[in-house]
């Protein structure tokens with residue numbers, strides 16, 4: 001673990017100093033200036049990032065200018081993220097930032113408008129310092145499918161970061177920013193959070209506006225934050241989780257924190273034992289069970305439950321996500337922007353060559369799958385049935401939540417694996433999402449929290465889910481859990 | 001419709017003795033809203049290319065559609081007018097295909113759950129045409145070809161459309177064009193669309209097939225695409241019926257295909273076969289939740305609904321005591337009825353509505369017809385009455401006040417529409433003021449009696465019919481400027497005094 005030393009000696013003496021909460025405090029009190037902090041932070045990023053490859057575009061000039069702008073005025077009460085540096089996944093639109101989605105197709109493409117989350121963050125005084133690597137168009141579980149190259153795990157650079165929001169996850173875990181944004185379509189925030197030893201939270205579908213998020217599977221996508229503490233997650237949700245007239249699927253109202261008043265005692269949590277039988281690595285199972293045992297001591301009650309439709313998780317997900325993706329990615333046709341093939345004969349040739357050259361193998365695979373699933377004569381057998389099972393799953397979850405507060409599950413079946421271990425077998429890679437996908441299919445909120453692993457061990461994440469719309473309760477529960485010190489980030493430790 | 005009551009196309013009439021003709025029509029109608037259907041960009045025609053655009057209608061990555069509620073209200077209005085069932089829940093769907101004018105690679109439309117189901121439209125001949133559905137969708141941009149280069153203008157991209165699909169209930173070219181005219185008068189009268197045919201804001205696709213009289217199975221149909229004139233639709237259908245008849249009679253088979261209409265040659269031309277047509281891979285639009293329409297909303301739309309031609313005609317007969325025929329003719333067109341009503345209101349208490357109707361239906365409508373002919377468009381395609389409202393008011397006022405006679409009024413009307421001059425100007429220029437003072441009239445009448453001793457003696461000996469002759473002569477001499485009532489009165493007096 002040579003990395004641990006590199007981090008702690010130069011930049012991070014006390015991790016707590018670098019949370020968004022503490023940064024806002026020191027910036028607002030005038031103890032430190034955001035621009036001074038940024039100078040120091042950029043040094044750290046420029047030293048560490050070349051090997052990890054998490055940030056693909058560090059916008060130093062812009063960020064410093066923005067810091068000076070902020071410093072010119074007194075912090076205002078609504079600026080809850082005053083001076084806080086934030087990294088965004090490369091699929092979120094910010095004016096003039098690269099929005100390449102790690103694809104040759106969008107090489108050189110820059111944001112033309114601000115995503116709603118960007119507007120919200122900047123109104124709250126945050127400084128977007130750069131954009132992060134990802135799997136091409138958010139398709140992947142290991143960040144191995146990127147035109148920018150792989151992202152390395154700070155805990156062991158021979159291992160993957162997880163995906164598809166690998167860059168954002170590593171940026172947070174390596175201390176490049178206290179809060180980073182990813183997008184979670186089937187676990188793309190929770191799985192890399194688990195691999196990197198940090199928190200990743202997927203809100204209820206519609207709780208955070210998708211306006212400005214490059215679509216993969218529209219009915220599943222959700223912009224989701226990473227942080228190294230639950231308090232920071234709570235803080236950023238207060239800023240970004242609200243209604244948006246520009247996103248017709250956005251939910252009314254906004255996130256209202258319940259972090260202040262929360263106890264673990266008496267909470268009822270469901271566990272689906274049948275899911276734990278196969279495919280789990282020992283270290284994951286051990287961490288899972290030990291947290292369960294420890295939580296019982298705090299008065300948390302565990303109940304065995306079954307959700308029969310979960311056996312169809314992967315097939316339902318890959319039909320729906322790919323079908324939507326096949327349509328969402330039609331706009332990359334070489335006509336208005338993005339890659340256009342040279343020397344084409346006619347319009348069809350232009351479409352076909354531009355798309356063949358621009359998209360990577362995994363993206364093509366999913367476009368083909370989705371196109372097939374929607375084809376005349378196959379719709380009912382694939383897409384129609386997948387929607388029906390999805391409905392059934394949502395009902396099963398809803399009925400389970402009538403008697404429970406949360407559901408407890410591993411986040412991923414293993415810890416971060418080595419490069420190439422799964423990438424040549426798509427099915428094997430898809431299996432990594434089996435625990436995270438149900439929350440996307442049913443639209444419920446879910447959080448991956450890092451367990452307290454021993455020295456030199458790889459991080460392990462476990463997952464808690466709540467009923468639709470109960471985001472604040474889930475965050476409050478995770479916060480109470482963090483306070484028991486049974487869990488906690490392993491970033492930079 | 002013509003005297004045979006079936007069709008005025010002789011060849012089609014022959015065919016109809018052996019075959020039944022089946023026609024269904026789909027109309028795409030652009031909604032007259034300020035902004036587009038799914039984006040906030042402006043909806044305006046004729047602005048410089050790519051000026052009315054935003055991330056959504058350009059299909060930029062990350063942009064999302066939102067629903068323009070005004071478009072939904074107009075679709076509901078159309079549904080109400082057609083007596084459709086407005087669906088409490090309808091669903092938007094994506095129709096996937098690649099084309100440069102379609103920036104997202106899919107069109108947002110409605111598929112298996114449209115906003116309106118069922119309905120009817122009654123043709124002028126009383127026949128009921130069933131409506132299958134009305135759905136909301138978005139328009140595409142426009143490809144412009146300049147030599148070897150193609151350019152795309154996205155100003156129209158994302159503009160709201162409604163598609164109105166009829167049942168295959170029409171059985172002759174004339175019924176089809178009657179249907180289209182009626183539907184057009186609805187969308188224009190109800191402020192749903194400007195109905196501009198030339199700009200493609202109201203375009204029709206006709207599905208045409210024929211089947212032997214005793215058959216119970218529809219023949220294979222062909223779709224004639226994007227016809228933008230009532231007359232052309234009729235002609236295209238007539239041609240298509242003949243074409244299909246010839247193919248079938250020669251032992252051939254009709255293939256399902258899309259055909260375009262060439263108005264210069266008056267033929268339809270095959271464009272692409274439907275068998276090899278694209279698979280549009282429809283699926284529910286995940287970016288838009290199902291569209292929920294409450295009963296309260298339907299009621300609200302109903303309350304704000306402009307008058308339909310039928311109810312307007314009823315109101316005209318009642319309020320203005322117009323004969324039913326007049327009311328029907330005037331209200332058939334939105335521009336005519338509003339023009340007429342403006343005249344009535346402006347001349348309230350001065351000119352009887354019936355007199356205004358006479359003026360309108362003879363002079364103004366004839367001028368409209370000539371104007372349309374000169375422009376090479378049909379009467380329904382006129383966007384405004386070609387006679388200025390001020391001129392009509394002034395002309396009718398001059399007549400009502402007795403300043404000019406009815407005959408002079410006709411003369412002035414012609415002058416007015418050919419030169420554009422105002423009636424007052426013309427009256428002054430040509431000294432056409434009606435003479436009403438007794439001395440001048442008496443003088444001319446005396447002269448006429450003196451000049452015609454023969455007729456006078458005949459009249460005096462009992463041939464009273466000759467009174468008309470004296471009136472005619474008097475008016476002729478005066479160039480029609482004498483007040484006719486006064487002339488009558490004066491001649492009567494003078495002639496009787498000679499008895």
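The backbone N, Cα and C atoms fix where each Cβ goes, glycine too.
Looking at A:121-142, A:143-164, A:165-186, A:187-208, the stretch flagged in TrEMBL as region 'Disordered' turns out to be A:143-164.
Its Cβ placed at the centre, residue A:188 (active site, acyl-ester intermediate) has 36 other Cβ atoms within 10 Å. Mean pLDDT of the predicted structure over the domain 'Amidase' (A:38-474): 96. Distance between Cα atoms for residue A:188 (active site, acyl-ester intermediate) and residue A:164 (active site, charge relay system): 5 Å, as a whole number. Secondary structure of the region 'Disordered' (A:143-164), assigned with DSSP and counted as helix (H, G, I), strand (E, B) and coil, comes to 0 helix, 7 strand, 15 coil. For the recorded site, residue A:188 (active site, acyl-ester intermediate), the DSSP three-state label reads coil. Scoring each of the active-site residues (A:89, A:164) by how many neighbouring Cβ atoms lie within 10 Å, the top position goes to A:164.
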